[in-house]
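Read through the structure below, which is laid out as structure tokens, and then see the notes.
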Amino acid sequence: MVSHPMEKAANGASALETQTGELDQPERLRKIISVSSIAAGVQFGWALQLSLLTPYVQLLGIPHKWASLIWLCGPISGMLVQPIVGYHSDRCTSRFGRRRPFIVAGAGLVTVAVFLIGYAADIGHSMGDQLDKPPKTRAIAIFALGFWILDVANNTLQGPCRAFLADLSAGNAKKTRTANAFFSFFMAVGNVLGYAAGSYRNLYKVVPFTMTESCDLYCANLKTCFFLSITLLLIVTFVSLCYVKEKPWTPEPTADGKASNVPFFGEIFGAFKELKRPMWMLLIVTALNWIAWFPFLLFDTDWMGREVYGGNSDATATAASKKLYNDGVRAGALGLMLNAIVLGFMSLGVEWIGRKLGGAKRLWGIVNFILAICLAMTVVVTKQAENHRRDHGGAKTGPPGNVTAGALTLFAILGIPQAITFSIPFALASIFSTNSGAGQGLSLGVLNLAIVVPQMVISVGGGPFDELFGGGNIPAFVLGAIAAAVSGVLALTVLPSPPPDAPAFKATMGFH
């Protein structure tokens with residue numbers, strides 16, 4: 001285990017605190033694998049969030065142009081929760097360790113959130129929602145509360161899990177790469193399981209009581225998926241934390257005999273004031289990258305149901321239109337499963353491919369252009385689907401096979417740049433924080449702001465922006481393609497290259 005005493009930076013006036021001291025030997029590989037497995041449980045639930053919850057909230061009665069607002073809670077909680085959790089997990093003096101208490105708290109919050117989301121329709125109906133009169137305002141309120149708690153829980157889990165792996169690796173380059181390779185692998189496992197569950201039409205039969213008067217087929221499947229998700233998360237978390245112990249951490253006293261203690265917000269703002277040019281460039285490229293990614297991550301399955309399959313998710317839509325939409329959403333979940341498989345294999349090859357292409361920044365720049373091309377190709381797939389419906393009188397059976405295959409191919413190819421997005425920015429942040437002596441938790445929290453601020457912008461403006469250009473999802477996808485291209489140019493031209501022997505080059509991490 002790593003024991004990091006906290007010391008003031010050398011100039012004495014710094015708002016950043018550094019973590020220094022003797023490093024213990026890295027832990028055994030089986031313990032690293034055990035902690036990495038928590039990523040499968042977290043990512044199972046995150047996959048369900050991405051694939052099923054945007055369509056579901058529209059079925060409850062929120063119009064498409066406002067559906068993205070439900071995601072606003074995610075960036076806000078990420079902006080506040082992850083840096084705060086990172087800060088306090090770096091300093092936690094619990095007898096159970098620095099990271100484990102936060103992981104347990106996060107798993108408990110996920111459990112609460114899952115029940116609120118899964119039973120939102122049932123609770124709303126019991127409180128007075130009419131089954132045939134949308135919008136179901138009470139169900140929407142319960143759903144939004146659960147959604148908010150779920151995002152807080154995910155952010156409470158993710159940061160300490162990442163930091164725990166760094167602690168277990170004890171600064172050893174080989175163990176760091178190995179630990180994060182396994183973290184990446186289990187992320188892919190969770191994604192595949194989550195998207196596979198979301199694509200299966202009759203999953204509710206595994207838990208038949210999930211279908212009720214107020215919870216239809218789609219709702220029952222979603223409820224069952226989340227039950228499976230929380231079961232997996234609780235099992236892997238319990239096993240990992242019982243097996244892998246942490247040493248309690250004690251802060252090193254300062255010259256006056258007291259432990260150093262800088263107020264959190266003073267430290268976080270101080271971190272921004274002291275950022276060097278490499279970190280600023282990383283934040284800019286990361287922000288543009290997420291402006292490109294987030295519209296697609298929010299609306300990929302909605303795009304399949306609405307533009308590709310020609311369905312309608314509005315609460316007042318016909319049963320036939322809703323069926324087409326649900327078929328498209330399930331096809332989108334299948335596409336996301338293919339995406340997760342490609343992401344998993346690509347993650348294992350990031351380090352090797354990066355070396356062959358001449359470094360991390362060149363690899364990131366190249367895959368950002370792949371992202372831009374794929375987002376632009378959604379326009380082509382959409383036009384082909386629209387032409388088919390026009391030529392076949394509305395095509396109530398969905399798109400032809402070649403259109404569906406084209407859409408699924410885009411999902412799969414996008415796994416390549418997504419693997420890089422989940423790895424290189426976090427690896428570079430770890431490298432820069434190591435060079436400056438800043439705590440891993442705080443540094444990853446600062447990088448997280450470059451992810452959540454674009455998410456907030458898209459959550460607030462995505463729906464109205466689409467509506468301004470005629471509705472649907474394509475306008476935001478085109479904007480994303482432009483942002484991806486700009487991000488690629490900046491990654492190749494202004495982003496500094498990390499040292500070739502950087503220990504955390506392959507630090508693959510998730511996001512929330």
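Just so you know, glycine gets a Cβ as well, placed from its N, Cα and C.
The shown structure was predicted, so the numbers you read here are calculated from the model rather than taken from an experiment.
Now, the feature entries from Swiss-Prot:
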type     : residues : note
CARBOHYD : Asn402   : N-linked glycosylation site
TOPO_DOM : 1-31     : topological domain 'Cytoplasmic'
TOPO_DOM : 53-65    : topological domain 'Extracellular'
TOPO_DOM : 87-100   : topological domain 'Cytoplasmic'
TOPO_DOM : 160-177  : topological domain 'Cytoplasmic'
TOPO_DOM : 199-223  : topological domain 'Extracellular'
TOPO_DOM : 245-278  : topological domain 'Cytoplasmic'
TOPO_DOM : 300-332  : topological domain 'Extracellular'
TOPO_DOM : 354-362  : topological domain 'Cytoplasmic'
TOPO_DOM : 384-407  : topological domain 'Extracellular'
TOPO_DOM : 429-440  : topological domain 'Cytoplasmic'
TOPO_DOM : 462-473  : topological domain 'Extracellular'
TOPO_DOM : 495-512  : topological domain 'Cytoplasmic'
TRANSMEM : 32-52    : transmembrane segment
TRANSMEM : 66-86    : transmembrane segment
TRANSMEM : 101-121  : transmembrane segment
TRANSMEM : 139-159  : transmembrane segment
TRANSMEM : 178-198  : transmembrane segment
TRANSMEM : 224-244  : transmembrane segment
TRANSMEM : 279-299  : transmembrane segment
TRANSMEM : 333-353  : transmembrane segment
TRANSMEM : 363-383  : transmembrane segment
TRANSMEM : 408-428  : transmembrane segment
TRANSMEM : 441-461  : transmembrane segment
TRANSMEM : 474-494  : transmembrane segment
Considering only Cβ pairs under 8 Å, which range in 32-52, 66-86, 139-159, 279-299 makes the most contacts with the transmembrane segment (474-494)? 279-299
In terms of Cβ proximity under 8 Å, which residues at least six beyond the ends of the topological domain 'Extracellular' (199-223) contact it? 48, 52-53, 55-56, 59, 117-119, 121-122, 124-125, 129, 131, 326, 330-331, 333-334, 337
Applying the under-8 angstroms CB criterion, which one of 66-86, 178-198, 333-353 scores highest with the transmembrane segment (224-244)? 178-198
By a Cβ-Cβ criterion of under 8 Å, what residues six or more beyond either terminus of the transmembrane segment (363-383) are in contact with it? 285, 289, 292-293, 296, 303, 307-308, 350, 353-354, 357, 403, 406-407, 410, 413-414, 416-417, 420-421, 424-425, 472-474, 477-478, 480-482, 484-485, 487-489, 491-492, 495
Which listed range (66-86, 139-159, 279-299, 333-353) shows the maximal number of Cβ pairs under 8 Å with respect to the transmembrane segment (408-428)? 333-353
Any contact between the transmembrane segment (139-159) and the transmembrane segment (32-52), i.e. 3 or more CB pairs below 8 Å with pairs at least 6 residues apart? yes
Answer with yes or no whether the transmembrane segment (32-52) touches the transmembrane segment (333-353) by the criterion of at least three Cβ pairs under 8 A, sequence separation 6 or more. yes
For the topological domain 'Cytoplasmic' (1-31), what's the mean pLDDT in this predicted model? 45
Sorted by position, what residues of the same chain at least six away from Asn402 (N-linked glycosylation site) have a C-beta under 8 A from it? Gln384
Secondary structure tally of the topological domain 'Cytoplasmic' (87-100) (DSSP, helix then strand then coil): 6 helix, 0 strand, 8 coil
DSSP tally for the topological domain 'Extracellular' (300-332), helix/strand/coil in that order, comes to 23 helix, 0 strand, 10 coil
For the topological domain 'Cytoplasmic' (354-362), what are the DSSP-based totals of helix, strand and coil residues? 7 helix, 0 strand, 2 coil
Taking a Cβ cut-off under 8 Å, which residues six or more beyond the ends of the topological domain 'Extracellular' (53-65) line up next to it in the same chain? 71, 117, 120-121, 134-137, 139-140, 143, 147, 218-219, 222, 298-299, 301-302, 305-306, 313-315, 322, 325-326, 329, 463-464, 466-467, 471
Other than its close neighbours in sequence, what residues sit by the topological domain 'Extracellular' (300-332), given a CB gap under 8 Å and a spacing of at least six beyond its ends? 50-52, 54-55, 58-61, 63-64, 67, 134-136, 198-201, 217-218, 378, 381-382, 385-386, 389, 394-396, 398-399, 403-404, 407-408, 411, 472-474, 477
